[in-house]
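Asks: Dropping the structure in here first, questions after.
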Amino acid sequence: MAAKKMFGAADASILVTGLSRSFDDGVTRVTLKRISQTSIIGLTYPPTWSVSLLSMTIVATSMMLCVDTCTTQLQCNFFDKLRVVSLLRNSIKLALKQLKNWMAPEKAKTSLTTFPASAEIVSEPLGVVLVISAWNYPFLLSIDHVIGAISAGNAVVLKPSELAPASSALLAKLLEQYLDSSVVRVVEGAVTETTALLEQKWDKIFYTGSSKIGRVIMAAAAKRLTPVVLELGGKSPVVVDSDTDLKVTVRRIIAGKWGCNNGQACISPDYILTTKEYAPKVIDAMKKELETFYGKNPMESKDMSRIVNSTHFDRLSKLLDEKEVSDKIVYGGEKDRENLKIAPTILLDVPLDSLIMSEENIWPSPSNSHESFDMIRSRPKPLAAYLFTHNKKLKERFATTVSAGGIVVNDIAVHLALHTLPFGGVGESGMGAYHGKFSFDAFSHKKAVLYRSLFGDSAVRYPPYSRGKLRLLKALVDSNIFDIFKALLGLS
Amino acid sequence: MEGMKETVEESLREMRETFASGRTRSLKWRKAQIGAIYEMVKDNEDKICSALFQDLGKHSTEAFRDELGVVLRSATVAINSLDKWAVPKHSNLPLLFYPAKGKVISEPYGTVLVLSSWNFPISLSLDPLIGAIAAGNTVLLKSSELSPNASAFLAKTIPAYLDTKAIKVIEGGPDVATILLQHQWDKIFFTGSPKIGRIIMAAAAQHLTPVTLELGGKCPTIVDHHTISKNIKSVVKRIAGGKWGSCSGQACISVDYVLIEKSYASSLIDMLKPTIKSFFGENPKESGCLSRIATKQHVQRLSRLLNDPRVQASIVYGGSIDEEKLYVEPTILLDPPLDSEIMNEEIFGPILPIITVRDIQESIGIIKTKPKPLAIYAFTNDENLKTRILSETSSGSVTFNDVMIQYMCDALPFGGVGESGIGRYHGKYSFDCFSHEKAIMEGSLGMDLDARYPPWNNFKLTFIRLAFREAYFKLILLMLGLKR
């Protein structure tokens, strides 16, 4: 097999130039115009882009089968696979159904100050955008963003994560096969390729990954004044109040943690906060439900995902092996390096300054705290913060005083599936948001348009300036008709 | 500098403490602060106008129109609308999630940094400040050292009117900015040039700080003589006002250059000349209605742009420069070469190039060769041309049949795209600019579906498939045992 040619700066430049040309030729836009003119999307002769979106549905479904048969490095459990495909299909269906509404200009109200005028806000594509995806949900975090970019009318380059190489290869193959490659391209690779891509001028960069690399991406974007959306991570805390339905709480935490790629998700519960008195009850409930879900021997359970690769495995291992941490294990702790499996592990009262509590780790560890809200606030803002309680006042306080990308009360991670809520971080957990219309908006420029009449020009606007003009201006600023009349009549 | 470093650290510490105390979250506090800004401007109109006259030679009417008036209006709108802006937005959730509820609340970022500019030192400081306060943040404002009197006014007067533990002012130049940028802010709002914008964003990247950059660009003005000839007088006045009437062309949304069909160029010039005279008299330098250029360096820059012999040859009006008096005469150029420096850099001065085309439709092509500007202006009644401009060009905004006035429309977002900036503000957009939109979902502990949890079986899988598709009828059948 011939050695794969390295994708370098020159290749990146050619790629972007080609895509820009297609974008300028109106490939992504003309069809959008046609969409807005047809009353039903995807009529008898469906425009290119809508075929693209429909094709994605086929892609998504076929991926379901492919993932089963190929030996991917990341073997997610079946539920995860099902969820990914379903989320993608819903995303596509929503875009197809709503696009006409999303694209419609938004009327803006004008005031007396600019009378006579009419104003509107028009959504336009940004141009050629770059999507850099992550390894934990390689299909979801690639295709969902590509859907957003295309529906907004952009040309897009996707760079999937090299840490999920089979998924990356499959994405490259299927996207080029089904979609219009003059406007949608995939570049596979690692640091070299990403660096080459980042040196080009993009109209937007959408990055999903770690805070550390997020900084690198934003710094590169700064050179070209490229706006970015950064979907990063953070330690998502779960506060478990004693006034809650413990069985439901614990089931949801487990499903949200170990059920989601074995904790390898940006909004996985990272650590649990509960009171000293309540902790034993929480731990017991968790042990019981973990056994119900994964059986007595979780390492053998088919429903548990692997760790993505040995580097991550070693990192997690090290976190567990730290002296102060290893003796806090109250459940689990088994590791199998060969199969890259770590059993669901619960730690109690890990020191707050241990490595496991300071890195974004993906381990649960109930620690005790009366001032759990303060504890959360003393740490970098997470992507999600969770609270389980029946107490209305506590819910109110949590929602208003804890800052996070998103807050979920009495459930875990489900807000990911909601297209009516913006999904994004704040502070260390990121900037920008997406999902549903928010994706369309993330990849659009909202252009302000003002229509003015050529009639009726007020001399007040122009030099030479005088006291009379000043009076009228003051009245105009207040949009006060009475004052305006007074000024015009020279009475004020 | 050591002293400055300590001042910054101490200020940050105090602002963060104030934010953590929760005081700025109260809508009452925010309205009181914004009300105080209103009072401050109203009480000190004369002082402000005097400072602006000293810094830029601005006439008090221009100062009111472009700065004081803007701030007063912004404050009024914010106070009247804040309750509405702060209301959580409820979201509909799919039936499957019933009885869960979803909403989005706007929460302040925390402690934010506003870096202002020299050309409109009062409004470009206070307007973003109003937005930051409305959203509930604590704010540090760094005013520009190139408008020292306005800067001194702000530094002295803001502490007398506003909550000093939450809102602070720092004066200084690039060295102070450098110190400020080394620290972590929850948001940075910058108005200035693209060159500095890059530096700001790169510094912000180190801390993952979101930014709003209000930059500039060459704002082109298309004049479609065919369709507006009846109102040509208004058109000419508006263009002249948009070039020379506001800070002598030193505004991010100033008319930068005009595009017109060759056959009409000379009549346009013939109308512009008397218009300039009507604005500024025979001797604009002494008129008192034409602002000065900011500094000698800025005059030298404009001088350099004009010194290109090909550009010199294109001067049809004006062209004189008095560096001592920081004066550049209102100047008109006819067809300077498109590859000259003046046609590739934001002019930011009282020089107006008129670029002729054979057909006005060609103007779109010329605009597209340049970076996306903050605004595009077009005087036309041709609907086709309007549609082409809207769909084939990109800019922060487009205004038809007028110039600069989009700034006054606070229902429209004000911001750039590409080289002209990131983010937007004005009106509610200012509030949003300084807020984090936090999604809140509240699930129910009461209803729990076994199908959500492992161990998996066929029933659960079918259930989940149908649930995702929101095929409720089939779901019911499944649960009743009538579907497999």
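Backbone N, Cα and C define each Cβ position, glycine as well.
Nobody curates TrEMBL annotations by hand; they come from automatic prediction.
As listed in TrEMBL for this protein:
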{"type": "ACT_SITE", "residues": "A:GLU231", "note": "active site"}
{"type": "ACT_SITE", "residues": "A:CYS266", "note": "active site"}
{"type": "DOMAIN", "residues": "A:113-449", "note": "domain 'Aldehyde dehydrogenase'"}
Asks: Using the alpha carbons only, what distance in Å do you get between A:CYS266 (active site) and A:GLU231 (active site) once rounded?
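Replies: Cα of A:CYS266 (active site) to Cα of A:GLU231 (active site) measures 9 Å after rounding.
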Asks: Which one of these active-site residues, A:GLU231, A:CYS266, has the sparsest Cβ neighbourhood, judged by other Cβ atoms within 10 angstroms?
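Replies: Result for the active-site residues A:GLU231, A:CYS266: minimum number of other Cβ atoms within 10 Å at A:GLU231.
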Asks: Can you see whether DSSP assigns A:CYS266 (active site) to helix, strand or coil?
Replies: coil
Asks: Report the mean pLDDT of the predicted model across the domain 'Aldehyde dehydrogenase' (A:113-449), rounded to a whole number.
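Replies: Mean model confidence (pLDDT) across the domain 'Aldehyde dehydrogenase' (A:113-449) is 84.
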